[in-house]
Amino acid sequence: MVHFVESDEPAATTPDATTPDATTPTEQQVAPVAYLPGAAPGMKRRSPLVPGSTKVTPFERKLRPVDPIDAHPVGAAEPIAAAAAAAVAVAVAADDDDSEGDDAGEDTGSAGEKARAEKVLMHRLHGRSLSIKEALEVLRGTELGRDDIEEIIARFTDLHYLDEQKLAEQVLHSHGVRKGLGRTGVGAELRRRGVDPDVIEAALEELPDDETERAIDIATKRIGQLERFDETTIKRRLTAFLQRKGYGSDICRTAIAAALESRGGGSKSSPRSTVRFQ
């Protein structure tokens, strides 16, 4: 900025344009003034050494470099910090909402998977009764965790959808009465199905004591299909047949002897044909 100092000398005057040498510069003519940045016509001239007002005009404010300290005076950081904290709070709340949404989605997915697993188990139970072991095998084929599986098993047991005592009674009827299995055979079937040992023991006590009579009845019916074999073969085949049904060796011998006696003793093998073709 150019500072001007007052002078007592009169300012030079510009010659009149009508004079012949008006266009010719002379030593008394003043050169045009080029204002430096920050200076303008009409500005008050003062020496920087003279104390004066600290007010800054709008024009000077635009030209002055911005001091970071002046741009953020004391106390101005508080609104900025508050705004930043508010923005962070909004972001955290949004993340929490997303997390809650993800958790809700996981809960919904878990409930849906549990419902599908229960539907699969109910479908299997409509076909036949299941032991707890068999129900566990069905549920382990799904994507459920151990806790969910145990919860379903407990609920189905409370509702008597899973009832091993009822299952044991059904096996006694189907394998003991209809198929003619003995005590050993019925017990083997119950163990294969995974029924609790205490339930198996209680069920076998319900079997009638006429196991020998049932074995005799089965052997008598079976021997009619073995008429073409000799007595040794009949005994061997009847023994294997009765043992597969769960009858002991003593009962098998008693039943086979009774069956052979019922057909008149001895083997009634069919005579071989003596016809020869020429």
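Quick reminder: no glycine exception, Cβ is built from N, Cα and C everywhere.
Here's what TrEMBL has on this protein:
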COMPBIAS  10-26  compositional bias 'Low complexity'
COMPBIAS  94-106  compositional bias 'Acidic residues'
DOMAIN    163-204  domain 'RecX second three-helical'
DOMAIN    209-256  domain 'RecX third three-helical'
REGION    1-61  region 'Disordered'
REGION    94-115  region 'Disordered'
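Under DSSP, residues within the domain 'RecX second three-helical' (163-204) fall into helix, strand and coil as 33 helix, 0 strand, 9 coil. Confidence across the domain 'RecX third three-helical' (209-256), taken as the mean pLDDT and rounded to a whole number, stands at 90.
Per DSSP, the secondary structure of the domain 'RecX third three-helical' (209-256) breaks down as 38 helix, 0 strand, 10 coil.
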